[in-house]
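All remarks here apply to the structure that follows.
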Amino acid sequence: MTSPSTIKQKFIAKGHQLGVVAVGFSDGQPNQGVDPSGLIEAGLLDQLRDDLEYDIRHDGKVHTYAEFVPEHDPNHRGMKKPRTVSAATQQLSRQVYEHAREGRLVLTLGGDHSIAIGTISGTAKAIRERLGREMAVIWVDAHADINRPEDSDSGNIHGMPLAFLTGLAKDDNEDMFGWLQPDNLISPRKLVYIGLRDVDRAEKRLLKEHGIKAFSMHDIDKYGIGRVVEMALAHIGQDTPIHLSFDVDALDPQWAPSTGTPVRGGLTLREGDFIAESIHETGSLVAMDLVEVNPTLETLGASETIRAGCSLVRSALGDTLL
């Protein structure tokens with residue numbers, strides 16, 4: 001039987017409280033159906049409450065932010081639906097900020113990975129205000145998602161969140177991410193990738209130019225997942241709050257087929273769980289995103305993908321094998 005974690009959380013004032021935001025937003029990419037309802041219906045929040053004994057603070061809604069969508073949203077700098085994504089992520093940023101400011105651990109269930117513009121900006125601001133320090137981001141994904149608008153071939157904003165969050169991409173228009181302020185941003189030095197295997201040429205150049213720490217599947221094959229996680233955490237340092245943003249497509253499609261941009265040669269489910277377990281064991285986790293679960297794609301694999309997503313979240317929040 002699962003029991004609550006005994007790991008003391010260093011940066012969470014209300015360690016028993018879990019702020020949950022469910023986000024059914026998919027306009028950062030072309031596929032509809034990126035929605036956390038399957039995770040919730042599979043009992044994820046019940047498991048976190050009953051087995052891990054979290055006091056769940058959730059409004060019971062899956063937010064689509066449809067009320068914030070403008071009537072007209074033409075492309076801007078090559079970005080598709082920029083005003084829609086900006087408005088949705090600004091609202092999400094406020095929601096995450098409210099939870100994090102209260103000292104709660106925050107779990108956001110997506111939603112495509114563009115929502116990280118909202119989640120990370122909200123957490124970063126709250127951590128600066130509450131603790132007076134910068135946080136780190138561990139981004140577990142097959143993709144780097146750090147394209148600047150002008151570098152993106154697709155124009156889909158789910159491939160750009162880290163460009164905006166690090167300040168490598170900016171826009172002065174309030175309706176198109178101009179609302180992002182310095183206290184919403186993270187330093188490229190505090191960003192670590194794990195699991196990369198489909199990185200655009202312009203993104204590779206940015207990673208090198210800015211000295212961003214990135215561990216690809218080549219590194220995992222070479223060193224093993226244990227050593228890679230050790231190196232990632234050593235880069236961040238022991239006294240740094242961590243926001244974990246986990247794209248389910250980091251897993252090999254064998255384990256998570258129901259996602260919009262699957263790439264073969266990825267993490268096993270155990271490797272994904274190990275990353276999440278190890279971050280929990282640091283006692284430094286302040287927020288987690290799980291994104292890009294889309295049960296409408298590869299419907300025969302939907303239940304497998306949902307089970308994998310639930311496992312990743314439980315592992316990050318203190319579930320153990322023994």
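Placement of Cβ uses the backbone N, Cα and C atoms for every residue, glycine included.
Feature annotations, courtesy of Swiss-Prot:
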BINDING   His113, Asp141, Asp145, Asp247  Mn(2+) 1 binding site
BINDING   Asp141, His143, Asp247, Asp249  Mn(2+) 2 binding site
BINDING   His143, Ala144, Asp145, Ile146, Asn147, Ser154, Gly155, Asn156, Asp200, Thr261, Glu292  substrate binding site
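When the CA atoms are compared, no binding-site residues among the candidates Asn147, Gly155, Asp200 lie within 10 A of Asp141 (Mn(2+) 1 binding site). The closest partner of Asp145 (Mn(2+) 1 binding site) among the binding-site residues, by CA position, is Asp200; the full candidate set was Gly155, Asp200, Asp249, Glu292. Apart from Asp141, His143, Asp247, Asp249, the Mn(2+) 2 site neighbourhood in this chain, defined by C-beta within 8 angstroms of the site C-beta centre, holds His113, Val140, Ala142, Asp145, Gly195, Val248, Ala250, Thr261, Val263, Glu292. Across the structure, Gly155 (substrate binding site) and His113 (Mn(2+) 1 binding site) are spaced 14 Å apart at their Cα atoms. Closest to His113 (Mn(2+) 1 binding site) in space, going by CA atoms and restricting to the binding-site residues Asn147, Asp200, Glu292, is Glu292.
Apart from the site residues His113, Asp141, Asp145, Asp247, the chain places the Cβ of Ala116, Trp139, Ala142, His143, His158, Pro161, Ser245, Asp249, Ala250, Val291, Glu292 no farther than 8 Å from the centroid of the site's Cβ atoms, the recorded Mn(2+) 1 location. Long-range neighbours of Asp200 (substrate binding site) (same chain, six or more residues apart, CB within less than 8 Å of its CB): Ala144, Asn147, Asp151, Ser152, Asp153, Gly159. Under 8 Å, Cβ to Cβ, and six or more positions away along its own chain, His143 (Mn(2+) 2 binding site) finds Gly159, Leu196, Asp198, Val199, Asp247, Asp249, Thr261, Val263. Asp247 (Mn(2+) 1 binding site) carries a strand DSSP state (E or B).
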